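**Student:** One structure, as structure tokens, below. Some questions next.
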Amino acid sequence: MEAMAASTSLPDPGDFDRNVPRICGVCGDRATGFHFNAMTCEGCKGFFRRSMKRKALFTCPFNGDCRITKDNRRHCQACRLKRCVDIGMMKEFILTDEEVQRKREMILKRKEEEALKDSLRPKLSEEQQRIIAILLDAHHKTYDPTYSDFCQFRPPVRVNDGGGSHPSRPNSRHTPSFSGDSSSCCSDHYITSPDMMDSSSFSNLDLSEEDSDDPSLTLELSQLSMLPHLADLVSYSIQKVIGFAKMIPGFRDLTSEDQIVLLKSSAIEVIMLRSNESFTMDDMSWTCGNPDYKYRISDVTKAGHNLELIEPLIKFQVGLKKLNLHEEEHVLLMAICIVSPDRPGVQDAALIEAIQDRLSNTLQTYIRCRHPPPGSHLLYAKMIQKLADLRSLNEEHSKQYRCLSFQPESSMKLTPLVLEVFGNEIS
């Protein structure tokens, strides 16, 4: 039995290397595969099967030791059959006519099952494909992977341990236009374009008033060296989020009031989602092209935030990165995040929910159709959990932001758009 097991074992994978020519072990002709436990050509395979089925007895007309080749293999059937047995061909591997028929039926059945399975497999509808195409285009128009606009921000200033500071470039440049300076060269397209939401729309909502006299909330100015630069970065990102949101299918069908509510409440969450593209797990930083724009945890603390926000933010970024989302999934997740019917203050929750359901169904179908396992396993549920994590991060960001915005020294470093979006808390 051990000998039988050995003879029926699969050949070494190296034997199937397509770059290595397959040679028939009987006659030396080109082999077509393993037949009856040996590598042979089609001719010797058929010869062995016929001989075994007929129980043929051959006699060598010579000395019983003929050399079998492709050219003379028909001259001596006895030595050819002997050679078949010598290289390991076994009659036990030959199927009966009934077994051959059953095998054919099984192959046919398997093909039919595969065809049925394929027909039942979910497919993206034309409408869903259109939604994905629109969102991809929206993202490409509002996210610059070269980060070339970062040079227009107020420069990053990183305070040394000894108290000194080193701006990455001369500090003479004024705050760019996205912080409210209309004379700057930076475009305000996503705020002031007739097709887009005007940033002044946000100013209809009053700033929240909270008591900031608690000395534990006071931040020394020396701790805020990165605040001007990161405030400009966030202001710039808010504009891009507005531009992306305006291109979400169905978003323009909402009232301007609901659009404002959704954008104000989701802006920081979408910014966190967007930033995952530049996040690297090698050193837990956000790398945005130029080394001056490589942001570490210490940079975020120098903008007034503490580990109560930073630690869960890093955990979120790592978890999201490990999901290895396709770009299609990434843009759908951002859209779903923005169009959330449970945001406080929305008026037409039913319409918002209908838009979000359409996006969610598209995401689920895309995962089933296009994201291969094992990555697709529970992927949708994991992505929805990320949205829940963002709500917690949003809440903590709001708490820490208030500490900044209600201190005149620090709020002066913020931009008007940041003050309007994050200062008018809807809670």
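Glycine is treated like the rest: Cβ placed from N, Cα and C.
Below are the features listed in Swiss-Prot for this protein:
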- 21-96: DNA-binding region (DNA_BIND)
- 24-44: zinc finger (ZN_FING)
- 60-84: zinc finger (ZN_FING)
- 97-126: region 'Hinge' (REGION)
- Tyr143, Ser237, Arg274, Ser278, His305, His397: calcitriol binding site (BINDING)
- 158-183: region 'Disordered' (REGION)
- 246-264: region 'Interaction with coactivator LXXLL motif' (REGION)
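Are these features on the surface or tucked inside, and what are their neighbours?
**Tutor:** Helix, strand and coil residue tallies for the zinc finger (60-84), in that order: 8 helix, 0 strand, 17 coil [DSSP].
Counting residues 6+ beyond its ends, the region 'Hinge' (97-126) has Cβ neighbours under 8 Å at 132, 362, 365-366, 368-370 in the same chain.
On its own chain, His305 (calcitriol binding site) has His397, Gln400 as residues at least 6 apart in sequence with a Cβ closer than 8 Å to its own Cβ.
When DSSP labels each residue, the region 'Interaction with coactivator LXXLL motif' (246-264) comes out as 13 helix, 0 strand, 6 coil, counted as helix, strand and coil in that order.
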**Student:** For calcitriol, with binders Tyr143, Ser237, Arg274, Ser278, His305, His397, what's the maximum Cα separation in whole Å?
**Tutor:** 25
**Student:** Sequence-remote contacts (6 or more beyond its ends) of the zinc finger (60-84), Cβ cut-off under 8 Å?
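**Tutor:** Beyond its ends, the zinc finger (60-84) has Cβ neighbours at 24-29, 38, 40, 43-44, 47-48, 51.
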**Student:** Mean pLDDT for the zinc finger (60-84), as a whole number?
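**Tutor:** Averaged over the zinc finger (60-84), per-residue pLDDT gives 94.
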